[in-house]
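The following features are taken from TrEMBL:
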type: BINDING; residues: ASP52, ASP91, GLU123; note: Mg(2+) binding site
type: BINDING; residues: ASP52, SER53, ASP91, LYS121; note: 3-methyl-2-oxobutanoate binding site
type: ACT_SITE; residues: GLU186; note: active site, proton acceptor
Amino acid sequence: MSSHKPASDRITVPKFVAMKRDGKKISMLTAYDHTMAQLLDEAGVDSILVGDSLSMVVQGHDTTLPVTLDEMIYHAKMVARAVHRALVIVDLPFPSFHLGVYSAIESAGRILKETGAQAVKLEGGVEQAEVIAGLVSAGIPVMAHVGLRPQLVMQMGGYKVQRDEEQLLADALAAQNAGAFGMVLECVPRSAAAKISAELTIPTIGIGAGAGCDGQVLVVNDMLGLTGGYVPKFVKAYADLRGQITTAARQYCEEVRGGAFPADEHSFK
Ligand code: KIV
């Protein structure tokens, strides 16, 4: 008999979907390593996304395109190992799901088998419906990602608010009909996001999409005030960790240079 029974308060995919039906707003944050995932899980966040934003946030690239499937798996393992309650979702990186259903199942299957995460996310709606259906029929829960799709940055020439309501609704419905259990709506006018959220039976998780979504997601480094340089308009910083870390590191350097650290209590008799 397996000893890996899910903890009773574990947020499973069906529980995640039921939160919409029960009128409970869903909180989601990204995480890329063990310590952060542990802190967020202990704080009670409902879902943790190992986003391909790790390409920019952790690896320092300009876009989300360079991160590989192996690198996503490496980080997802650290995150999943730390999490006891939240639903852990992992992004399928570019272009791991553009090479057909077979290859998408191979990539997503590796994520589920090797990391301990519960679901994958992929960018796309109408044109990814066949891939979503294929993954779902293989038993792989899929979250879709509609609106601004950062993996299309080369084609779009930048990151822009997506305003074509007809296309947005068509993408959202196609993903739902293909079997997606939820979807991220990124950089969509709040009225359109609210309309789509009302239309769908599965939860919408907004980022730059207003309060009418069924939940919200932010990149954790942005919401903790860790990001240097440009931060998008839709981010609210709940802390200034960049400032606090810089101050702490400066003080440490001064104390080492001045001999104040280590004191006797930080060493052995
Ligand atoms: O990669 C990511 O972090 C994301 C979120 C911004 C939704 O896709």
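Each position is counted from 1, following the chain as shown.
Just so it is clear, glycine is given a Cβ too, placed from its N, Cα and C backbone atoms.
Curation plays no part in TrEMBL annotations; they are all automatic predictions.
Feature map: annotations from TrEMBL on the structure.
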residue: ASP52; record: Mg(2+) binding site; Cβ within 10 Å: 29
residue: SER53; record: 3-methyl-2-oxobutanoate binding site; Cβ within 10 Å: 20
residue: ASP91; record: Mg(2+) binding site; Cβ within 10 Å: 28
residue: LYS121; record: 3-methyl-2-oxobutanoate binding site; Cβ within 10 Å: 23
residue: GLU123; record: Mg(2+) binding site; Cβ within 10 Å: 24
residue: GLU186; record: active site, proton acceptor; Cβ within 10 Å: 23
Residues within 8 Å of the ASP52, ASP91, GLU123 Cβ centre (excluding the Mg(2+) site residues themselves): GLY51, SER53, THR64, LEU92, PRO93, PHE94, LYS121, LEU122, HIS145, PRO150, GLN151
Whole-number Å value for how far LYS121 (3-methyl-2-oxobutanoate binding site) lies from ASP91 (Mg(2+) binding site) (Cα to Cα): 5
Nearest-integer angstrom distance between the alpha carbons (Cα) of ASP52 (Mg(2+) binding site) and the residue listed as 'active site, proton acceptor': 14
Neighbourhood of ligand 1 - binding-site residues from ASP52, SER53, ASP91, GLU123 with Cβ under 6 Å: ASP52, SER53, ASP91
Largest separation between Cα atoms (Å) of residues that the record links to 3-methyl-2-oxobutanoate, namely ASP52, SER53, ASP91, LYS121: 12
Rounded distance in angstrom between the Cα atoms of SER53 (3-methyl-2-oxobutanoate binding site) and the residue listed as 'active site, proton acceptor': 13
